[in-house]
Amino acid sequence: MSVKLQICDSTLRDGNHAVAHQLGRADISAYARAAEEAGVDVLEVGHGNGLGASSIQVGIAAVSDAEMLRAAKAELRNSRLGVLSIPGFASVERDLKPALDCGVDEVRVGAHCTEADVTRQQITMLRSMGVRVKGLLLMSHMASAGKLVEQAGLMQEYGAEAVVLMDSAGAYTPEMVREKVGELVEKLDIAIGFHAHNNLGLSVINSITAVRAGASIVDVTARGFGAGAGNAPIELVAANLHVEQIEARIKLFDALDAADTAEERFVKHVPTNDGVTIASGIAGVFSGFAAPVRRASRRFGVDPREILLELGRRRVVAGQEDTIIEVAMALAAEAASADLTHAFVDHI
């Protein structure tokens with residue numbers, strides 16, 4: 001490869017989804033030290049939904065944004081401290097500027113894959129301040145390669161130095177990765193990245209496929225710690241980069257040690273694939289919906305897989321969590337109606 005691959009470790013951001021955003025200061029400090037030793041280029045830290053997202057709607061974090069960022073920054077020397085900012089959750093004055101005061105080195109500004117225009121204010125402002133800024137296209141499986149080129153092109157125009165495709169639902173196949181990443185690499189003048197989820201068991205091969213297609217940024221988490229079925233594990237991505245002799249700063253043994261540190265401290269349950277996470281990948285539904293879907297399933301007595309498939313049919317995206325309850329109630333009502341019909345027929 002002509003450009004050295006950058007590794008963005010999202011363990012302390014995406015991983016927060018897996019523990020209902022309850023990572024503590026000591027956990028953050030310990031893992032930040034391990035990630036620094038492993039040689040990750042960027043350590044992304046924060047609430048699972050990014051800056052300013054701690055709320056009743058999507059989960060209240062155990063630690064404030066500022067406390068998380070300061071705890072991580074104190075342990076970093078060569079790795080950059082990164083944050084996720086989603087307009088609507090994060091605002092410039094309340095969230096972004098205080099985060100920069102905490103030592104944030106780069107910001108990734110995210111939006112749904114067809115709504116890049118909402119990132120304009122934040123990307124242009126950050127770029128004018130001299131901050132490294134990248135764009136994220138969420139739920140990118142939902143858009144064609146052509147649409148992604150158009151939307152990523154807007155982010156490039158606003159000043160983003162890179163655009164990362166987020167497989168928020170774990171719905172990508174290697175062929176989809178080749179097509180979409182390859183198209184962006186060919187058509188844009190900035191770096192392209194890929195953020196995998198493992199709902200279909202393809203996070204590692206999709207990450208390596210992205211690199212082969214020209215991506216120069218890959219996201220990872222320790223033990224795949226993240227929303228739903230988890231992400232591409234840092235230890236497995238590092239191992240595959242080593243085997244394939246792909247150049248990167250990350251150090252294999254230290255990456256393995258970082259994953260061990262995470263499991264010892266806070267990865268209580270290593271992400272696995274089950275009926276719910278697999279259905280989420282098939283339906284193309286945001287991985288972070290797994291836990292609320294399970295809760296709604298128990299509350300209303302309906303199959304969580306049916307909830308996910310209906311959410312997929314409705315093309316529901318992150319931020320529309322209220323729809324989960326609506327769908328569960330509708331399915332429960334349909335089931336009750338069917339039961340009454342059967343009971344009536346049986347008595348005729």
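One-based numbering along the chain as shown.
Just so you know, glycine gets a Cβ as well, placed from its N, Cα and C.
Residues or ranges marked as substrate binding site in Swiss-Prot (evidence: sequence analysis): Arg13, Asp14, Ser168, His195. Other Cβ atoms within 10 Å of the Cβ of Asp14 (substrate binding site) number 29 in total over all chains.
For the recorded site, His195 (substrate binding site), the DSSP three-state label reads strand. Counting every protein chain shown, the Cβ of His195 (substrate binding site) has 31 other Cβ atoms within 10 Å. Marked as Mn(2+) binding site by Swiss-Prot on the basis of sequence analysis: Asp14, His195, His197.
Summarising the annotation, Swiss-Prot assigns domain 'Pyruvate carboxyltransferase' to 5-256 and lists sequence analysis as the type of evidence.
The feature site 'Transition state stabilizer' is assigned by Swiss-Prot to Arg13, with sequence analysis given as support. Just so you know, the Cβ of Arg13 (substrate binding site) picks up 28 other Cβ atoms within 10 Å once every protein chain is counted.
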Inter-residue C-alpha distance, His197 (Mn(2+) binding site) and Ser168 (substrate binding site) (nearest angstrom): 7
Longest CA-CA distance among Arg13, Asp14, Ser168, His195, per record bound to substrate, angstrom: 14
Which same-chain residues, if any, lie at least 6 apart from Ser168 (substrate binding site) yet have Cβ under 8 Å of it: Leu138, Met139, Ser140, His141, His195, His197, Phe286, Ser287, Gly288, Ala318
